[in-house]
Amino acid sequence: MVIATNQWIAIAAVSLGISQIALNMKNVYEKDDVSSYSVNYVLAGILSSTLWLTYQYRIGANYSAAYTSIFLVSQIYILQRLLSKLKTKSPTN
């Protein structure tokens, strides 16, 4: 019974976290506003998520690894939008 309770806690935590990520991504997608992010900030997040994902995978923390993977994908999307915005702002030669 304890294992089942722990699994439900993990499922609830991951579900809430994914909901937060989805709402944040919806906001970035609909408004196309990444002004609150910097390239260095997002790259640091991607590096951190990659390290955490590697660690979680190696120890078998599957719920955490799934959550971290989704967060990593959202960070890569934000980086893509950020770089796209910077590219359009820079003067062309």
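Including glycine, each Cβ sits where the backbone N, Cα and C put it.
Automatic, uncurated: that is what TrEMBL annotation is.
For the transmembrane segment (6-25), same-chain residues at least 6 beyond its ends with a Cβ under 8 Å from one of its own Cβ atoms are 63-64, 66-67, 70-71, 74, 77. Per TrEMBL, transmembrane segment is recorded for 6-25 (among others).
Below 8 angstroms of C-beta separation, residues 64-65, 68-69, 71-72, 75-76, 78-79, 82-83, 86 of the same chain, each at least six residues beyond the ends of the transmembrane segment (37-55), sit close to that stretch. Per TrEMBL, transmembrane segment is recorded for 37-55 (among others).
Per TrEMBL, transmembrane segment is recorded for 61-79 (among others).
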Positions on the same chain near the transmembrane segment (61-79), where near means CB under 8 A and six or more residues out: 10-11, 13-14, 17-18, 21, 24-25, 28, 34, 37, 39, 42-43, 45-46, 49-50, 52-53
